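Data block below; observations after.
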């Protein structure tokens, strides 16, 4: 059916689920990937960005002429830049200088100003700089995705109900939900709501083996962009997940490449990591169950990285 909408915000959500075929393990639960690159700016973060802006407007924190400032690893910033452009706000996004060229250029394409901070400072450095800018710029507002309850709320309101409707259509019980974690918004909001709807499911959070902060380890370098900011975000509900799955850069990269070459699904490395974890989770469940895995963004944002250096 042809979809005609009033603005880009109406295109956020209702992303499709696609079944794994060639990567599907035998005698295991069926894995479905929820393709968040179908959102208008290409990632799951469109959901949180829109919800944070709407709630800020409702609470009088954003008014005509306001400036949105946000520390971001990229996807939330892109979602905020898109929504800011559509709603008439200026956006300033602060990010580590290790982020991909594609992300930086996308932000600029949406009319946003980009401020880069030293990569070795990771997200805490970008957060500090964003707060400094907010003190200097009048009528500015930091949504602060790591603290903002609108972030998980977006997934309670949209992502989880979408998955529930899909499970009803598939006709098999949901056995597990798998997602990576950056801010914690997706795993918290979706996980909480799905456990209310499907009390018997397990929730599995993915983090990079090189920066196992959720597992109690120290932050470190890794290639799963958008995950493990180097600290445990305040909005993350650590009780919602039943298992933390640590994924190596190598396994994430291999799975990401296989998804493109064998399934025709081009996603980013954090999605490859989540898919690897979903496949391993599915092997522990019976074939009459379903595993839903969130894929955070499009792989087009990573074509300049070593993920695709062999091309």
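Counting starts with 1 at the first residue shown.
Cβ from N, Cα, C; glycine included.
Per Swiss-Prot, these features apply:
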type	residues	note
BINDING	75, 182, 183, 184, 185, 186, 270	pyridoxal 5'-phosphate binding site
MOD_RES	45	N6-(pyridoxal phosphate)lysine
Residue 75 (pyridoxal 5'-phosphate binding site), number of other Cβ atoms within 10 Å: 31
DSSP-derived structure type at residue 182 (pyridoxal 5'-phosphate binding site), helix or strand or else coil: coil
Position of peak Cβ density within 10 Å, selected from the binding-site residues 184, 185: 185
Close in space, distant in sequence - residue 183 (pyridoxal 5'-phosphate binding site), Cβ under 8 Å, 6 or more apart: 48, 76, 145, 146, 151, 229, 233, 235, 236
Among 186, 270, the one of these binding-site residues whose Cβ has the fewest neighbouring Cβ atoms within 10 Å: 186
Candidate nearest residue 45 (N6-(pyridoxal phosphate)lysine) in space, where candidates are the binding-site residues 75, 184, 186, 270 and distance is Cα-Cα: 75
